[in-house]
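The structure appears right after this line, and notes come after that.
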Amino acid sequence: MRAALQLSEAGLKVAVLSKVFPTRSHTVAAQGGIAAALGNVTEDNWHWHMYDTVKGSDYLGDQDAIEFMCRQAGEVVYELEHYGMPFDRLENGKIYQRPFGGQSQNFGGAQATRSCAVADRTGHAMLHTLYQRNVRANTQFFVEWMALDLIRDEHGDVLGVSALDIETGEVMILQARATLFATGGGARIFSASTNAFINTGDGLAMAARAGVPLQDMEFWQFHPTGVYGAGILISEAVRGEGGYLLNKDGERFMERYAPHAKDLASRDVVSRAMTTEIKEGHGCGRDADHLLLKLDHLGADVIKARLPGIREIAIKFAHADPVREPIPVVPTAHYMMGGIPTNFHGQVVAPYKTGPEEVVQGFYAVGECACVSVHGANRLGTNSLLDILVFGRAAGNQIIEDLKRNSHHKHLPGDAADKALGRLARLDSQKDGENVSQVGDMLRKTMQTHCGVFRFADLLKQGVDKISEVAQRARNTEIRDKSRVFNTARVEALELDNLVEVAVATMVSAQARTESRGAHARDDFPHRDDDKWLKHTLYFSEDRRLDYKPVRLKPLTVESFPPKARTY
Amino acid sequence: MKERERARWRCRRGLLELDIVLQRFMDKHYATLDEAGIRQFETLLDFPDTDLWHMIVQKDEDEGKAGLQPVLHLLQSI
């Protein structure tokens, strides 16, 4: 929506397609804020923010893109303020900022206070602000439309998408001089996921099917405390208030893994410790597959006053009132660092013609579906909203420039919609096929077991075979309802196709990377290996081939931050 | 007109907590709704995600919500 706004305000004709009403995108779940070194509370500058982001990425982030993002952070926040975003304020009227994990002053020194927020509804406020502004600028919204496939011509240029109008069931071609994906993540490939149901990686799969590689797909951030069985995220605030984790013996096991930080160690450390406990048979419950988050010792008053939202979630989804009993939790997939490879102008880049990063003409990607890469192997809290603002605007500006040179539509190939129509025809004619939700369950279970928080050589190897079997079964899905109008069974079958692409890319990329870096933790290769693996993975769907390209270690204007051990 | 299917799709939200509660509602209660109940449910689905979630978990007696009972009450009980 940030890019759409840029384009509409420049007088271009913009169509925004969305599966659901635009303000119901998953951005609404972002509570923490937007990172920007405004220095309103403690001294700060963009260069410190850049250092934190490079270090947080475990040095896999591209330093040119990270410098670009951190330098523009202040500007995009003030711009949003002018659009009417109701930021919380300090007494002196400046934008309020709160501290977040991974933020430091002076290149790794004292805690910085860098996140600009609107209470616990920053994402909600941002979506509504940008939506209103887009309506005013005459952006045209196609609500409850699902994009199906990317249209490319013989030169590989992108000319638009084929899309399904969910309401009527009709397939249309949307021809465009520029096509931008802001389709979000795909963490629904895991059984334990904090993501909303819509996050099925549609854009990634469309790109992959059209021959565009997917970058760094092995890197998924797991949040330590998702509600067991439901996935809803229980904020770090619980452990901040003094809650802690227990195994089935009632042991506070984090004391063994992180003697100092204990339950407040960083997300990846806690998630790994929990997974180890479960793997070693110390998990709780009938299946010994989760752990317990205890907070009743805080007392009913503290829980009711400071953590009311969390108490509601625990009661509703775990049937446990934390005032009296612990909450069953499990590490839960939360955010995808990988995605469609782009440069910091939002242009999709791929090794096609002569170089490793050739621009795919007419194609742009921004946000969780894209891999710029500013998050590298691990994202810092509140950098994701910053990512979508900065690169949304940058992509908008780049499109405006590119369209000055390409003022006419290119010739649309005769077979533009064939791929999408072929998939729909297959689905309609399938007999004795597979059940969509059963195959989906198998996919999620396979990813969870074989490619979760901690990765083991044997499990990954079996995982590649198992996910191939899932992919094979997904090619034969059958739906009973063949009607056109609001056929949600058809939509869910198409979403499963997309989940399969994301899942296979993840499993194959993870099996190949024989090191541990950021969110990718291998049991058999516990250390980061910069000699061999300081490079981005590129996965090609067609033949499941992997390629690699160097990390961009050279920033735009400042000195490079060379890889160092990542300690907090 | 596939009213139920349409409602089911509009239960797809940006927040996982709403996805789950609304899906449970569809499975458990939607078929029992009368015409007025269906209208109430559709009105509720038009609320922004965070507002709808707060209406479901904060069981305060807001005047504005009076017209949305008993469907809201059913959502709260899930």
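Quick reminder: no glycine exception, Cβ is built from N, Cα and C everywhere.
Bear in mind that TrEMBL entries carry predicted annotations, made automatically and left uncurated.
According to TrEMBL, the protein carries these features:
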- A:Arg267: active site, proton acceptor (ACT_SITE)
- A:18-33, A:Asp202, A:Glu368, A:384-385: FAD binding site (BINDING)
- A:His223, A:Ser235, A:His334, A:Arg379: substrate binding site (BINDING)
- A:1-385: domain 'FAD-dependent oxidoreductase 2 FAD-binding' (DOMAIN)
- A:His26: tele-8alpha-FAD histidine (MOD_RES)
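The Cβ of A:Ser18 (FAD binding site) has 20 neighbouring Cβ atoms from other residues within 10 Å, across all protein chains displayed. The subset of recorded positions A:His26, A:Gly33, A:Arg379 lying near chain B, with Cβ atoms under 8 Å apart, consists of A:His26. Residue pair A:His334 (substrate binding site) / A:Thr27 (FAD binding site) shows a Cα separation of 13 Å. Spatial neighbours are here defined as Cα atoms within 10 angstroms of one another, and by that definition the neighbours of the residue listed as 'active site, proton acceptor' among the recorded positions A:Phe21, A:His26, A:His223, A:Ser235 are A:His223.
Considering only the binding-site residues A:His223, A:Ser235, A:Arg379, the residue whose Cα is spatially closest to the Cα of A:Ala30 (FAD binding site) is A:Ser235. Each of the binding-site residues A:Thr27, A:Ser235 was ranked by the number of other C-beta atoms within 10 Å, and first place falls to A:Thr27. Among the binding-site residues listed here, namely A:Gly33, A:His223, A:Ser235, A:Arg379, A:Ser384, A:Ser384 has its C-alpha nearest to that of A:His26 (tele-8alpha-FAD histidine). Farthest C-alpha pair in the substrate-binding residues A:His223, A:Ser235, A:His334, A:Arg379: 16 Å apart.
Between the alpha carbons (Cα) of A:Ser235 (substrate binding site) and A:Thr27 (FAD binding site) lies a span of roughly 16 Å.
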